[in-house]
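Listed in TrEMBL for this protein:
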{"type": "SIGNAL", "residues": "1-28", "note": "signal peptide"}
{"type": "TRANSMEM", "residues": "279-301", "note": "transmembrane segment"}
{"type": "TRANSMEM", "residues": "343-369", "note": "transmembrane segment"}
{"type": "TRANSMEM", "residues": "375-395", "note": "transmembrane segment"}
{"type": "TRANSMEM", "residues": "416-436", "note": "transmembrane segment"}
{"type": "TRANSMEM", "residues": "448-471", "note": "transmembrane segment"}
{"type": "TRANSMEM", "residues": "492-525", "note": "transmembrane segment"}
{"type": "TRANSMEM", "residues": "531-559", "note": "transmembrane segment"}
{"type": "TRANSMEM", "residues": "571-590", "note": "transmembrane segment"}
{"type": "TRANSMEM", "residues": "602-630", "note": "transmembrane segment"}
Amino acid sequence: MEVVRPQLIHRWISVFVLICLFLFEAQCFYLPGVAPQDFMKGDPLMVKVNKLTSTKTQLPYSYYSLPYCTPKQIVDSAENLGEVLRGDRIENSPFEFHMREPQMCNVVCHIVLNAKNAKELKEKIEDEYRVNMILDNLPLVMPIKRPDLDTTVYQHGFHVGLKGQYAGSKEEKHFIHNHLTFTVKFHKDPQTDAARVVGFEVKPFSVKHEYDGEWNGKNRLTTCDPHAKRTVTSSDSPQEVEDKKEIIFTYDVEFEESDIKWASRWDTYLLMADDQIHWFSIVNSLMIVLFLSGMVAMIMLRTLYRDISKYNQLETQEEAQEETGWKLVHGDVFRPPINSDLLCVYVGTGVQFFGMTVVTMTFAVLGFLSPSNRGGLMTAMLLLWAFMGVFAGYASARLYKMFKGSEWKKITLKTALMFPGVVFILFFVLNALIWGEKSSGAVPFGTMFALVFLWFGIAVPLVFVGSYVGFKKPAIEDPVKTNKIPRQVPEQAWYMNPVFSILIGGILPFGAVFIELFFILTSIWLQQFYYIFGFLFIVLVILIVTCAEITIVLCYFQLCSEDYLWWWRSYLTSGSSALYLFLYAAFYFFTKLEITKPVSGMLYFGYMLIASYAFFVLTGTIGFYACFWFTRLIYSSVKID
């Protein structure tokens, strides 16, 4: 019977106590901007407007780019770097709410359209643009009843307008949603009478408002009158969008008490019904990938154990010469590859990406990057990318020194500039296209300067620091000596052709992520919230395992066929999964999206190219290090004279 040591018990108790203390502290910890706010009856509620978005064009526009009612002074809300890059433009609005004080038929303003305004509104209605608003950090949603499922789904924002035809006419007209019925849901504290906002919903209507006499700003509407308790309930007589047409913007505010607590108020937004969500299929796919990974690992361990035992039992030199397989290439397996400098750069960049991904995912799983912290995810990724530069420099310098390189500053500069440089050029071209469309998604000059400063002011110096430390360390020693004259690689079987094995190697890592990839693409391009970071973290772990194992297996087969050129192939084997990612993105574009404009299509493929390039660097580095560890392990395990 095994006896548990007292020291071990004390250690576990200490860990448990620390976890309890952390959880206790976390109860009273809130992120900036997402702390609960209490409102007493009559307190003003700030309604803010955000960008206009469309899944058809993917080009956001500022709310006030359309002829909507404006407040006396438009004030931009403080935005973080992530919000600006997402195209968010959060500004104040002319809507005035007071907590638990319903309003009926409030007139916001009266405008008369000109030809330019009418054209802009028609274009936005044609492209199905939606208006986004925010109240107490909650986005505005529109409830839609689904009789087939007997449930209510929530659509982000409301459409600018709609297209339709008058009875008996075939001509299609454009109508604007000019009357909004807001519903503010609140959770009341029974002891203090204070309340917290837990929901923000809207029902839009298109109404041609009528009134007596000339408009002077004080007229009583006959279509919507708070005195006569007459409110808008339908769009039977809609407001047409045409030149010289007058539009009166109005709104109602209703307050509804809710049992939903403040801590759970985002559940409604995150549990948006989507027919494509099949949790069991996700779990099933993950389990299959795990099972395959386990099988691959078991086969590899058994085969290798038998090989090493057989090699170590050979008694004479003659027997050793008769043997074939991976032992025969021991004198060439650690020979530096062609373009070793470039490999060092890509491996260093991959380490930088890996560090950024793991830390970002950890923060996301812990809830620091929830949807309520708008723009937080992108801001965190950019900052972490810059700070992880120290690991990029260290990894590239260590590998470079192992390849007997001497110009460490040259390799450091390449590591600091190559990948970010390519991405920045692509991003700059795409930003110019957005700017040409006069979209609010275009990154301003000040933000572009901040990105360049982040790159050259923080990332580049940190890459040099890491590289200096890495190059000062003693070089990594090879477990076997390298021959002076390279051995000739024998003719390979068709299935060991580099291109074929590289393309086959990328299938399994892609298979580990492609279901999750569907949800990520949907959240990005169809403006939905992505929140299942726990699942994404599991998928990341499985991706790492599958990249490592498929590369090790194919590397082992390659060495067994006496092909020692494994350096680049190990990187490209798992990195080729990025090719499948890009092909899947193209498939998603043609089957799920309704993008018709050339600029929007270029934006989609441009950003997906950047994402695929980053995925290539990440997965390639994982495969390379797995293969690097594997080859060093097996060649240090056999007796070589």
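From the backbone N, Cα and C atoms, a Cβ is placed for every residue, glycine too.
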Closest-packing stretch to the transmembrane segment (416-436), where packing means Cβ pairs under 8 Å, from 448-471, 492-525, 602-630: 602-630
Cβ contacts under 8 Å made by the transmembrane segment (602-630) with residues that lie 6+ beyond its boundaries: 58-59, 343, 346-347, 349-351, 353-354, 357, 419, 422-423, 426-427, 429-430, 433-434, 505-506, 509, 525, 543-544, 547-552, 555-556, 566-567, 570-579, 581-582, 585-586, 589, 593, 595
Contacting positions for the transmembrane segment (571-590) when only residues 6+ beyond its ends and CB under 8 Å are counted: 343, 346-347, 501-503, 505-510, 513-514, 517-518, 521, 525, 547-548, 550-551, 554-555, 601, 604-605, 608-609, 611-613, 615-617, 619-624, 626
